[in-house]
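Here's the structure we're looking at; comments come further down.
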Amino acid sequence: MASHAQAQKWSFRITPIRVLLLLLSAVATAIIIYRLVTGLGTVTNLNDEWPWGLWIGFDVLCGVALAGGGYGTALIVHVLHRDYFHPIARSAMLTSLIGYLLVMAGLFLDIGQWFNFWRPFVSWGHSSVLFEVFWCVSCYTTVQILEFGEIATERVGKRFHNIFKAALPVLMIVGIIFPTLHQSSLGALYLLMVDKLYPLWWSPIIFLFFLMSSFFVGPAMICVETTLAGKAYDHWIPIPVLRKLIRISGYAMIVYLVLKIFDLANRGVFNLVFSGTFEANMFLIEMIFGIIIPIFICFSNFSASRSGLFTFGLLVSLGVVLNRMNVVITGMIRSTGVSYVPSLAEFTVSAGLVAMGVLAYCFIVENFRILEHEEHHGHAA
Amino acid sequence: MSKGVLVDLTKCVGCGSCTVACKLYNDTKWDEKQPTVGPNVKLSDKNWTVVKFHEVKDKEGRPVWRFVKQQCFHCKEPACASACFAKAFQKTKEGPVIYYPHLCVGCRYCMVACPFNVPKYEWEKPFPLVTKCMMCSNKVAKGEAPACVSVCPAGVFKYGDREELLKEAKAIIAKDPKYVKHIFGEQEVGGTEWIYISDIPFEQLGFKTNVTKRPLPSYTAAYMHATPYVGIAWGVVLTGLYHYTKRRNQIAKENNKNIKA
């Protein structure tokens, strides 16, 4: 196997879709450079009423949540030693790594004094939840790069492979602590917005909701990703493995739903759910399509099919995206008084970052052992 | 004891001298498109204080004008300072909440966190900073009143010890029945250094009256205190689980082998 890998050349197939993605990445890169030189006002529709917009909402909050599959998988496979799920481990953690690198990029281009990004490393605003997010996300991205080192050194810098392999258990454990902390902290950022964020989303335990949703969206993203990768590379993860995996999500989502209802009732705002307002309807869409229907799919026979798994994955992932966008935008409209529609440039950059992620994923999958990792597991199942 | 300003809205005539003094002292640019006095004025990166005109009805139902000076309220426990992850906003012991531009990363969490939407951003600049009223902290540190306060020809402001001013405000509204029985800034978000009294209910004058009375930093303080302990405990649990499940799998494998043999 090793000699085979050595003989293999670096490859990157060019297909029409990839040309499109490359083009999108190039346009986004041009806008990013223009933005970094000219400022935020010229490129974005952000203003004093809307200091945070699409880039924080989608690139950062959604990006981190959707990359939650990495720490969940690390927990299940490498700490709890559920070897049954081994076939998905590498691709899930790769998606997570790419996700975090994109989040870092998104954050970097959203901050006004981008050359000053390192400041919180020396000037400790330790009362700020964002301080914790900053440190945890930075450390976790580093940990993930080191974790990827174990895969990379199978091919490049082989003499370091054993060091990485030996460090892996420690990296895995550290690499679970950090995301647990900052996934919840991203929600805790909004604890301060008690008078601004609409009560359907603001909650004294919003951090718990963020943490739980980042956990159950992991297997959902894995379903989406393995379906797409399966089509592209004709490499299919056995259905029972995925089905068992989304059961974990299913149970977490039931707890989430119960906790959400309890929290709304406890704060006396449950009646807002059916008040017919814009916020209420967005909340209902989020809960029905992102939580309730997927729970039914998860525990029905539909999830025994590829299309069922894909539908589940797509609904839950989009549900979490909608939840984060609702917190950042929908839930803030009423207190802000004016609405916000992202500019074309903001959309292009967000889409371009996703395109870069997809291209990076394809390149790595085609050049490192991600999908074909420990094939005997796949055959045995 | 921190310093504060008592604003008596019944005395303001809307001349805008305070906004001019602010621009002169802080050297902020005049912008024709963004006036500092009038019915549609807004705080901005250039206007750290504005005087907004409100046409309202008095107790007898007659239309009257009231003029409300807006600027940072200088919370006793500011959300912006607790939100900043680089300590770019800091509360001074004299009262003003001040901004250190060299520490600012430009994340704008302060703007989202401020319950009154006071911090503003230099959106037009390539490397924008956050701006807001700093209560002329250099003057306050020397025991002088802020620039806006010192130029008022109508005697709207009283500068001094915040707790003394609060007592005074209470005495004024108790004695004179024209005032509404509410001192804005006494309890809002745990209290602010700038406090207001008025004869027209505050919500009619654009004040955000439905804010919490709890200091905002207290919403995240417990969370932040718990974080390191949760992190360490979680690490211990994970390490334990790692070794336990690994050993369990090993034993299971050995047992399987024995059965097969």
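The backbone N, Cα and C atoms fix where each Cβ goes, glycine too.
What TrEMBL annotates here:
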- B:3-33: domain '4Fe-4S ferredoxin-type' (DOMAIN)
- B:Cys12, B:Cys15, B:Cys18, B:Cys152: [4Fe-4S] cluster 1 binding site (BINDING)
- B:Cys22, B:Cys133, B:Cys136, B:Cys148: [4Fe-4S] cluster 2 binding site (BINDING)
- B:Cys72, B:Cys75, B:Cys80, B:Cys114: [4Fe-4S] cluster 3 binding site (BINDING)
- B:Cys84, B:Cys104, B:Cys107, B:Cys110: [4Fe-4S] cluster 4 binding site (BINDING)
- B:95-124: domain '4Fe-4S ferredoxin-type' (DOMAIN)
- B:222-244: transmembrane segment (TRANSMEM)
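Note: the CA-CA distance between B:Cys12 ([4Fe-4S] cluster 1 binding site) and B:Cys72 ([4Fe-4S] cluster 3 binding site) rounds to 18 Å. Of the chain residues outside the [4Fe-4S] cluster 4 site list B:Cys84, B:Cys104, B:Cys107, B:Cys110, B:Cys80, B:Ala83, B:Phe85, B:Ala86, B:Ala88, B:Phe89, B:Val105, B:Gly106, B:Arg108, B:Tyr109, B:Val130 have their Cβ within 8 Å of the site's Cβ mean position.
Within the chain, the domain '4Fe-4S ferredoxin-type' (B:95-124) has long-range Cβ neighbours (under 8 A, six or more residues past its boundaries) at 2-4, 43-45, 71-75, 78-89, 130-137, 140, 162, 189, 193, 208, 211-212, 216. With an 8 Å limit on C-beta distances, none of the binding-site residues from B:Cys15, B:Cys72, B:Cys75, B:Cys136, B:Cys148 reaches chain A. Counting residues of the domain '4Fe-4S ferredoxin-type' (B:95-124) by DSSP class, helix then strand then coil, yields 8 helix, 5 strand, 17 coil. Other than B:Cys22, B:Cys133, B:Cys136, B:Cys148, the residues of this chain whose Cβ falls within 8 Å of the Cβ centroid of the [4Fe-4S] cluster 2 site are, in sequence order, B:Cys18, B:Ala21, B:Tyr25, B:Asn26, B:Trp48, B:Thr49, B:Gln71, B:Met134, B:Met135, B:Pro146, B:Ala147, B:Val149. Among the listed binding-site residues, namely B:Cys15, B:Cys18, B:Cys110, B:Cys114, B:Cys152, the Cβ with the most fellow Cβ atoms inside 10 Å is that of B:Cys110. Averaged across the domain '4Fe-4S ferredoxin-type' (B:95-124), pLDDT for the predicted model comes to 96. Sequence-distant neighbours of B:Cys104 ([4Fe-4S] cluster 4 binding site) (same chain, 6+ residues apart, CB-CB distance under 8 A): B:Cys84, B:Ala86, B:Ala88, B:Leu129, B:Val130. Distance between Cα atoms for B:Cys114 ([4Fe-4S] cluster 3 binding site) and B:Cys133 ([4Fe-4S] cluster 2 binding site): 13 Å, as a whole number.
When other Cβ atoms within 10 Å of the Cβ of B:Cys75 ([4Fe-4S] cluster 3 binding site) are tallied across all protein chains shown, the result is 27. Cα spacing between B:Cys75 ([4Fe-4S] cluster 3 binding site) and B:Cys110 ([4Fe-4S] cluster 4 binding site): 13 Å, rounded to the nearest whole number. A distance of 14 Å separates the Cα atom of B:Cys18 ([4Fe-4S] cluster 1 binding site) from that of B:Cys72 ([4Fe-4S] cluster 3 binding site).
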